[in-house]
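S.K.: If you scroll down you'll find the structure; I have some questions about it.
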């Protein structure tokens, strides 16, 4: 399995809502990352399996540019990939696991679907909450989590790690049935 977390490179974006994919991978493994031309990567053991972690080094909207290089490097196919990214339409504390689907308006996922030529890509969408009324969407997704939101997010990351283990052991359908209805609260 190759877990691809989406985000924007650089310290300016490091802790923003839009970088929740990168943040999750850092939760799984905070050090010992290696860098290729188009992506950073590391490996972990999860449920007894070797799992590659990948952060595209392009900006979010160009995430797909890294994907052919990721597939070649890991000798993988689109079926081996699970993409983790933010979803403004999901409440903070919720995740949505899917086996396939459209980009749902997410430009990073849109770029990956275009690059791989298929919508049949597993994904975990991570709720980042509703933007406050009157706030620009870009300002919201490029804003940082509050201290209270971090408490929830760290619990969400624990749940997501469990969900990945279920995907590895029992399959995506089983993980969907367990985790898509859960809501993490403080």
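Glycine residues also receive a Cβ, built from the backbone N, Cα and C atoms like all the rest.
Per Swiss-Prot, the features are:
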- 18: active site, proton acceptor (ACT_SITE)
- 13, 59, 61, 107: tRNA binding site (BINDING)
- 8: site 'Discriminates between blocked and unblocked aminoacyl-tRNA' (SITE)
- 86: site 'Stabilizes the basic form of H active site to accept a proton' (SITE)
S.K.: Tell me the Cβ contacts of residue 86 (site 'Stabilizes the basic form of H active site to accept a proton') under 8 Å, same chain only and six or more apart in sequence, or just say none.
M.R.: 6, 17, 18, 19, 20, 21, 106, 125, 126, 128, 141
S.K.: Let's check the environment of residue 8 (site 'Discriminates between blocked and unblocked aminoacyl-tRNA'): how many other CB atoms sit within 10 Å of its CB?
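M.R.: Step by step: centre on the Cβ of residue 8 (site 'Discriminates between blocked and unblocked aminoacyl-tRNA'), count other Cβ atoms within 10 Å, giving 21.
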S.K.: Take the C-alpha atoms of residue 8 (site 'Discriminates between blocked and unblocked aminoacyl-tRNA') and residue 107 (tRNA binding site) and report the distance between them in angstrom, rounded.
M.R.: 12
S.K.: What other residues of this chain sit with their CB within 8 A of the center of the CB atoms of 13, 59, 61, 107, the recorded tRNA site?
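M.R.: Along the chain, the qualifying residues are 8, 18, 58, 60, 62, 63, 108.
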S.K.: Considering each pair of residues in 13, 59, 61, 107, all listed as binding tRNA, report the largest CA to CA distance in Å, no decimals.
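M.R.: This binding site's residues have a maximal Cα-Cα distance of 16 Å.
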S.K.: Relative to the Cβ of residue 13 (tRNA binding site), which residues of the same chain, six or more apart in sequence, are found under 8 Å away?
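M.R.: Spatial neighbours, sequence-distant, of residue 13 (tRNA binding site): 7, 19, 142.
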S.K.: In three-state terms from DSSP, label residue 59 (tRNA binding site) for me.
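M.R.: The three-state answer is coil.
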S.K.: What same-chain residues, at least 6 away in sequence, bring their CB to under 8 Å of the CB of residue 61 (tRNA binding site)?
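M.R.: Set apart from residue 61 (tRNA binding site) by at least 6 residues yet with Cβ under 8 Å, we have 107, 108, 110, 111.
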S.K.: The residue listed as 'active site, proton acceptor' has how many other Cβ neighbours within 10 Å of its own Cβ?
M.R.: 23
S.K.: Which residues does residue 59 (tRNA binding site) neighbour through Cβ under 8 Å, counting only same-chain ones at least six apart?
M.R.: 8, 9
